[in-house]
Every structure is written in structure tokens, then in C-alpha cells.
Amino acid sequence: MSMPSVEVTKTRDLLTKTSEKPKSKSFNKFKQVYLGPIIAFTIFIAIWQAVPTILDLKHYILPKPTDVVGAAISDWHLLWPAVQITVVESLVGFLVSAVIGILVSIILASSKILERSIYPYAIVLQTIPVVAVAPIVVIWFGAGYNSIVVISFLIGFFPVISNTLMGLNSVDKNMDDLFLLYNASKWQRMWKLRIPSALPYMMAGLKISCTLSIVGAIVGEYIAGIGGGKGGLGYSITVAAIQVKTSYLFACGIAAAILGIGFYLLVSLFANSMLKSWHESAVKGEK
Amino acid sequence: MDTIHKEVVAFQHVSKVFNNETVALKDFDLSIKEGEFLSFLGPSGCGKSTALRMVAGLGEATKGSVKVFDGSPKEIIKETNDLAFVFQDANLLPWRTVLDNVLLPLELRGGNKKKHKQEAIRVLEMVGLKEYLKSYPRQLSGGMKMRVSIARALAAKPKMLLMDEPFGALDEITRQTLQMELLDIWQKENMTILFVTHNVYEAVFLSTRIAVMSASPGRLSSLIDVKLPFPRRLKVRTEQEFTDYVDIASDRLENGNERKELA
């Protein structure tokens with residue numbers, strides 16, 4: 001009787017020796033960071049599943065999570081291409097707004113006169129709800145892809161320009177003096193001082209802009225239609241709404257949300273790699 | 001130091017009034033000779049930083065003139081590498097490594113990159129940071145950052161170093177080490193140094209001459225020649241002669257500012 005129990009304690013010892021420390025540490029982290037959200041999510045899904053059953057709601061009023069997943073799986077052949085189309089549209093819209101936003105900011109910031117005369121109008125333009133001008137965009141660029149990208153660009157553009165401009169104009173006074181003392185030219189100051197100083201602001205602008213560009217693409221699809229091609233998420237949503245395919249509507253909404261989160265994480269990753277060596281926002285995790 | 005040194009900085013009846021009508025400097029006259037280590041000592045608001053910045057061309061006199069190496073500060077900055085400025089905070093570019101920060105002044109002037117790198121490494125060696133070429137400013141302590149800042153100032157081989165309370169934010173131990181290192185560099189590189197401080201001990205320890213200033217309006221209240229021998233080591237601080245100079249400087253500082261209150 002005594003032999004096996006000794007062996008058991010031995011193996012237990014071995015187990016605790018080799019694995020307890022790192023395991024308990026990572027488990028602690030898991031407990032602190034992930035456990036709460038996971039429990040909250042599970043409860044939320046459970047309530048969602050229970051409410052339509054208890055109140056006897058029709059699936060076209062409030063579909064259960066299982067209905068939504070079912071709809072996503074059965075209509076996957078529609079959902080997946082729609083997601084792909086929206087990804088391309090919002091990605092192009094985002095890239096265009098990033099490039100043009102940064103370029104315009106640099107041009108405006110390089111001349112005080114230019115900035116003073118043009119920036120107020122940029123703010124006025126920003127206050128125009130893009131949805132209100134979207135039909136004009138459709139008239140100019142035709143139904144479909146081009147208009148959708150333009151609308152996505154229009155929505156994503158302003159956060160980039162306003163953040164970048166703020167960054168370019170908030171250079172530390174002493175650093176400015178330093179460049180003055182070394183007789184730096186205007187463009188040396190721009191490239192070696194102002195643009196690097198503005199990077200954190202620029203990245204903040206891009207983070208806002210990337211999620212907005214998805215909003216832009218979906219709104220664009222509502223308004224500009226599909227122009228003969230296949231439709232993206234926005235188009236799927238309008239069609240599903242007309243057909244009262246509520247479960248599929250939910251699936252589209254969730255797909256759009258996942259898209260937004262993924263896009264945001266990607267841009268954050270890019271921002272962190274740009275700033276990793278020096279900026280507080282990117283080095284926090286290190287300490 | 002027995003040769004006759006030429007004048008390198010001349011303040012002539014300099015007054016500076018800022019927009020909001022505060023008189024930062026009033027009728028300031030001072031001649032600084034080549035090779036001096038001159039400290040501007042005074043309370044805050046006495047215009048000592050204003051005077052220093054004028055020498056660097058950062059701000060112009062409202063009245064009177066400032067001459068540096070027989071030219072206007074702005075010309076000197078434009079045409080030569082003779083002036084370098086060290087700010088109160090190290091003022092390093094956080095996105096550049098230590099080496100790239102030191103390279104900055106050379107890079108802005110243009111020229112041979114390989115030579116620049118050799119020069120940058122030489123000055124970093126001088127301040128004892130050769131091991132940290134690839135570090136970023138955020139990885140360094142306050143004292144090390146200030147060393148990088150000094151190295152950057154030295155990189156372009158200036159004839160004159162202007163320092164605006166460079167050690168003000170450092171702890172006492174680091175400050176004393178850097179003070180000694182600065183004196184070594186000053187002697188090795190044969191420079192003129194203008195140094196702004198509000199610390200009497202620092203002024204006496206470092207300077208060959210102290211310009212004591214008083215506030216509102218900022219003006220020169222007296223000049224003290226500090227005849228302590230070089231090289232000055234930590235021990236100097238406990239000697240009677242050092243203490244005497246500290247007494248004199250403190251007295252003049254107090255009197256200069258009392259006079260203002262009476263007036």
C-alpha cells in the first residue's frame with residue numbers, strides 16, 4: 001500500500017517542480033486579463049439566447065445567437081464575398097485618405113499663409129455630414145466601386161489631416177531653437193523634426209480613420225449600390241433588411257464589427273512598430 | 001593664461017523688453033574674453049537666460065547691441081559652427097539613437113558622413129558614453145541624457161559653448177561629476193564657456209569669472225574674478241578660499257537684490 005502512494009507524491013513533486021511556476025503565472029495573467037471578459041461574454045450570449053425563447057419572440061424580430069450562427073453558415077457563400085468586397089473598398093478608401101491626408105497636412109504646415117487660409121475651410125468641410133453629399137459623389141463618380149471608395153475616403157480623411165496638422169505644429173520649442181541654431185533649412189526641419197514629432201499624432205489619426213473608412217464603405221454601399229458588380233456588406237445589409245432576413249442581418253452586422261476590430265488592430269500594430277523605439281504609447285508594455 | 005585674450009562677446013548697453021512690457025534686461029554691459037568660463041549668476045527673472053539666448057541669436061536686443069566674434073549672432077550661426085547651445089533639459093530627439101542625436105548638428109551642416117561618425121564617436125567617448133551609441137534617450141538616466149546633449153554641442157567643434165542651467169534638473173552627485181567633466185572638456189578643447197546658473201556653489205566651482213545679476217529690471221550688479229587654481233577637484237569645495245568666494249558671491253547676490261527693493 002505504501003509503495004504507490006510514495007510514487008504518487010513523487011510524481012506530484014516532479015509536476016509541481018517543473019510546471020507550477022510558469023503555469024501559475026500565466027494562469028494569473030489569464031485570470032486578470034481574460035477571465036472577466038469571457039465570463040461577461042458567456043452571460044451575455046446566454047441571456048440573448050434565453051430572452052427570445054422566454055418571451056416567444058419571432059426569429060425575424062430578435063434572432064437567437066444560434067439562429068445568427070446558422071444564418072452565417074448557410075449563407076456563407078453570400079457573406080464571405082460581401083466581406084471581401086467591403087474589405088477592399090475600405091482598405092483603398094483608408095489608404096487614399098492616409099496618403100492624401102498626410103500629404104495635404106505637410107503642404108499646409110509648410111506654409112503658415114497656406115494653412116491660415118485653407119485650414120478653416122477644411123474644418124467647415126469636415127462638419128458637412130458625408131451622407132448628405134454622398135448622392136453628389138454618386139452623380140460624379142457613377143454607381144458602385146469608385147463612389148464607394150470616394151465616400152470612404154471622405155469620411156476617413158479628416159481625422160488624418162487634423163491630427164497630423166496638430167502634430168506638425170506642436171514641435172517642442174527648445175527643439176525648434178536647436179534646429180534654428182544649427183541653421184537648418186525649412187525642409188530639414190520638416191523631415192528631421194516636424195514629421196517625426198508628428199508621428200504619434202499621425203498614428204492616432206490613422207487609428208480613427210481606419211474604422212471610419214469601414215463606416216464609409218458600408219454607407220457608400222447603401223447609397224451607391226453595386227454598379228453592376230457584386231455587393232459588399234452594406235449591400236447585403238440592405239437586401240437582407242428588405243427580405244426581413246433578420247438573422248442574416250445580425251450576421252452581417254457582426255461581420256462588420258469583426259472587420260472593424262481587425263482593421264483597428266492591424267493599424268495599431270503598424271503604429272506601434274513605427275513608434276516602438278521611442279514613444280510612450282508604444283513602449284508601455286515593455287516595463 | 002598669460003597671453004592677451006581677445007574679446008569674443010560684447011554686450012553694449014543692451015536692453016530687452018518683452019511684448020508684455022516686462023523689462024528683462026536693462027542697460028547691460030559686459031565684455032567676455034576668449035577662453036573664459038563665465039557664469040551668469042542670479043535669481044529667476046534677472047534676465048540671465050535672456051542674455052545667453054541673445055548671444056546665440058535666439059532673440060534680439062530691444063536697444064543696444066550684442067556682438068559675437070565681431071559679428072552679429074545671427075551671422076555667426078548662419079556661417080560658422082562656432083556657437084553651440086546646451087539647454088536646461090537635454091533636449092534630445094527621442095526617435096534618434098544616442099549616436100544619431102550627436103550626429104544631428106553635423107548632418108544639418110552637410111558634408112562627409114564617415115568623418116561625421118568618427119567625430120561623433122570621439123565626443124561620445126569624451127563624455128564616457130561610447131557604449132551607448134545605439135541606445136535611445138528614454139533608456140538613459142537624466143545625467144546620461146545631459147552628457148549626450150553636451151556631446152552633441154561639442155560635435156561641431158564650437159569655439160564657444162553656451163549653457164542654460166544645464167545641470168539644474170540633476171541630482172547633486174551627478175551634478176558634481178558633470179561639473180568636473182565639464183571643466184576637463186573646457187580645458188582640453190580650449191573653449192569659451194558661458195554658463196547660466198542660480199547656484200552659487202556651482203558658479204564658484206566652475207567659473208573664472210562670475211557676472212552677478214539682479215532682477216526687475218534684470219541688470220548686471222557686479223563681477224567677481226574667481227582665482228581658484230585649475231584643475232579644480234571635489235576637495236576644492238571644502239577649502240577656505242572656496243568658501244570665501246561663495247560668501248562674496250552670496251553677499252553681492254543679496255545686496256544687488258536689496259538695492260532694487262529700496263529703490
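Note that Cβ sites are derived from N, Cα and C of the backbone, with glycine treated the same way.
Remember, TrEMBL labels are computer predictions, not curated facts.
Source: prediction; values computed, not measured.
The feature domain 'ABC transmembrane type-1' is assigned by TrEMBL to A:83-271. Annotated transmembrane segment per TrEMBL: A:33-51, A:85-109, A:121-142, A:148-168, A:198-219, A:248-271, in sequence order.
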Task = Report, as numbers and ranges, every residue of the chain located at least six residues beyond the transmembrane segment (A:85-109) whose Cβ falls under 8 Å of a Cβ in that stretch; write 'none' if there are none.
result = 115, 118-119, 145, 148-161, 164-165, 168-169, 190, 194-195, 198, 202, 205-206, 209-210, 213-214, 216-218, 220-221, 229-234, 256, 259, 263
Request  = Report, as numbers and ranges, which residues of the same chain sit near the transmembrane segment (A:248-271): CB under 8 Å and 6 or more residues beyond its ends.
outcome  = 63, 67-69, 71-72, 75, 78-79, 82-83, 86-87, 90, 94, 203-204, 206-207, 210-211, 213-214, 218, 233, 236-237, 240-241, 281-282
Ask   = Apart from its near flanks, which chain residues at least 6 from the ends of the transmembrane segment (A:33-51) lie with a Cβ under 8 angstroms of it?
value = 57, 62, 64-66
